[in-house]
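J.: TrEMBL lists these features:
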- 149-171: transmembrane segment (TRANSMEM)
- 191-210: transmembrane segment (TRANSMEM)
- 231-251: transmembrane segment (TRANSMEM)
- 257-280: transmembrane segment (TRANSMEM)
- 292-311: transmembrane segment (TRANSMEM)
- 317-336: transmembrane segment (TRANSMEM)
- 348-369: transmembrane segment (TRANSMEM)
- 375-395: transmembrane segment (TRANSMEM)
- 407-426: transmembrane segment (TRANSMEM)
- 438-462: transmembrane segment (TRANSMEM)
Amino acid sequence: MPTAETTHKRSHSVSAIDDDRPFKVIIFHENSASVEYKTELPSSCQYDDSFHSTPIKHHRSFSGCLHLSFSSAKKFSKLPRPESLGDKRYDSFKTWTGEKSTSEDAEFTGEGDSFPAVKRYFDALQGPDLDTLRASEVLVLPKEKTWPFLLRFPISSFGMCLGVGSQAMLWKTLATSPSMKFMNISLKINLFLWLASVLLFSFVCLIYALKIIFYFEAVRREFYHPVRINFFFAPWIACLFLAIGLPPYIAKSIHELLWHALMAPILCLELKIYGMWMLGGERRLSKVANPCNHLAVVGNFVGALLGASMGLKEGPIFFFAVGVAHYIVLFVTLYQRLPTNETLPKELHPVFFLFIAAPSVAGTAWATITGEFSIGARIPYFIAMFLYASLAVRVNFFRGFRFSITWWAYTFPMAGSAIATIRYTAQVNNVNTRTLSLSLAIISSFTALFLFICTILHGFVFRDLFPNDIAIAIAISHKKSKEKRLHLVSSDMEACNLNAC
């Protein structure tokens, strides 16, 4: 046991434990004799047996309770608060952190667990799009701060590529369709829009590739999100749009291997998602049904359209058949509004236009496969037109909410319906059909232009286009909250110190 003479310069105190005696606290103050008293060992301050096996004189730091003097308490109060250390919480989403987390940090961030289970998404988030945090939950990232841009860049950003790419398809159809020759539209518009689509797609792909490289955990959480997983079809559908929208003098040189290369990842995603819809338990369709699920079906019809335009037969029919089967099931599920399906908030009303996308493209695809706009093509086309009209007459349904990236859901369904109408006009050519074709094309183009301008303004001027992505930042478990854990630890330390005194 050190003497008072050797430790009189210390301004703090230590606690020692003896196996056979009650808990003793020896306090050394500057220029004062030592004071000794006994107390019971607090239950929150238990020690391992290995600690007692070593003589106390060889220990300079103890894991027990420390009774701090006034001078050391002042120094401790100047240390950074836990909130200022919150930046380390981003490390759990980084691909390379450069350092290992402690066991406590791993418990909080979820390291050691791969990602939240699907049931955890439903428990922690609410709303039909599962992007609103429940009041009882705490995020693993600082909610009061603006996160790094890559963490705020969602997979749904590829919706912009779908919107611009569909415009290239639309203006190519306007320029090449015999029923629209009276407009004398130049193919230069199609070329300009196609180049713009390539630039936008490359830009979005580059940003999301950086997110995959630096924040792979965030990407993996998006992929296992019950609703967000549907947007992983969007990059491949955008590629199909670019292939279909190629200017005619370039499209002649496309090899059929391109079609196989683009449809292979779509097929892999469908095998996973359609299987979960049927056998996935918590991921069954009645549980995760959302208008965004149409993206998982649209890829079949767009792929069939591209394959048929390249002269392929069996492959396009296969994907068309698979798409029809699952679209019928999805359409009925969404139309029934099961108890598990919540009403969409106003901010997500634009995704209702995704109801139009699948039947519009399906009609065009079947017309391309058979070579004429027959009854098989007209049935889905008329369904799309009825859904379009039923949504268009409800103007107030699409008003009263601020701009977001979700608004791009208006664009490619509108373009798809305009393209289908133009193809229908080639079969039934009269004033009414030509007027309808021109009207839908103008509405689609002005909508895309308006959304493009709004996106530029909110992205670069107002800088509110990408808020914190709440959906990817839920804790692995409801109880894994760093703030609560720190509060409990500090409470135990205070109780320990009070009992020691």
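Heads up, the Cβ atoms here are built off N, Cα and C, so glycines get one too.
The structure displayed is predicted, hence computed values, not measured ones.
Map these features onto the structure and tell me what's around them.
T.: Outside the transmembrane segment (149-171), and at least 6 residues removed from its termini, the chain residues within Cβ reach (under 8 Å) are 90, 93, 141, 185, 189-190, 193-194, 196-197, 200-201, 204, 207-208, 210-211, 214-215, 218-219, 222, 228, 231-232, 234-235, 237-238, 241-242, 244-245, 405-406, 408-412, 415-416, 418-419, 441, 444-445, 448, 451-452, 455, 466-469, 472.
Using a Cβ-Cβ cut-off under 8 Å and counting only residues 6 or more beyond its ends in the same chain, the transmembrane segment (231-251) has close neighbours at 154-156, 158-159, 161-162, 165-166, 168-169, 172, 176, 187, 190-191, 193-194, 197-198, 201, 205, 208, 222-223, 258-259, 262, 265-266, 269, 292, 295-296, 298-299, 302-303, 305-306, 309, 412.
Same-chain residues lying 6+ beyond the ends of the transmembrane segment (292-311) with a Cβ under 8 Å from its Cβ atoms: 129, 227, 230-231, 233-234, 236-237, 240-241, 243-244, 254, 256, 259, 262-263, 266, 269-270, 273-274, 285, 317, 319-320, 322-323, 326-327, 330, 334, 351, 354-355, 357-358, 361-362, 364-366, 368-369.
Taking Cβ pairs closer than 8 Å, the transmembrane segment (407-426) reaches residues 159-160, 162-167, 169-170, 173-174, 177-180, 241, 350-351, 353-357, 360-361, 363-364, 367, 373, 377-378, 381, 384-385, 388, 433-434, 436-437, 440-441, 443-444, 447-448, 451, 454-455 in its own chain, all 6 or more past its ends.
Non-local neighbours of the transmembrane segment (438-462) in the same chain are 160, 163-164, 166-167, 170-171, 174, 180, 183, 403, 405, 407-408, 410-411, 414-415, 417-418, 421-422; each lies 6+ residues outside the stretch with a CB under 8 Å from one of its CB atoms.
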J.: Could you tell me what the rest of the chain brings near the transmembrane segment (348-369), counting residues at least six beyond its ends with Cβ under 8 Å?
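T.: Tertiary neighbours of the transmembrane segment (348-369) are 128-129, 290-292, 294-295, 297-298, 301-302, 304-305, 308-309, 313, 316-317, 320, 323-324, 327, 331, 334, 376-381, 383-384, 387-388, 391, 397-398, 401, 406-410, 412-414, 416-417, 419-420, 423-424, 427.
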